[in-house]
Amino acid sequence: MTCCNQQSSQPKTTTTCAGGETSCYKKTWSDHRGSRTERGCGCPHVKPGIKLTCCKTDECNN
């Protein structure tokens, strides 16, 4: 599985997930700096107020 792992509006970068991971995630939230985005492997639990999208195809979290 290959997932995108760039932060916010940075140029696209990818990572190969370890351990047989089969999903990617994209988290979005707002803070004092504005809208923030985090991408990576897996499908983590998030705090209330954070939007989480998980998917199961290569680079699906761009």
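Just so you know, glycine gets a Cβ as well, placed from its N, Cα and C.
On a predicted model such as this, the values are computed, not experimentally measured, just so you know.
For Cys41, the cysteine that Swiss-Prot lists as its disulphide partner among Cys17, Cys60 is Cys17. Restricting the disulfide-bonded residues Cys3, Cys17, Cys41, Cys60 to those with a CA within 10 Å of the CA of Cys54 (disulfide bond) leaves Cys41, Cys60, listed by sequence position. Taking the Cβ of Cys24 (disulfide bond) as reference, residues of its chain lying under 8 Å away and at least six apart in sequence are, in sequence order, Met1, Cys3, Cys4, Cys17, Arg39, Gly40, Cys41, Gly42, Cys54, Cys55, Lys56, Glu59, Cys60, Asn61. On its own chain, Cys43 (disulfide bond) has Ser23, Tyr25, Leu52, Cys54 as residues at least 6 apart in sequence with a Cβ closer than 8 Å to its own Cβ.
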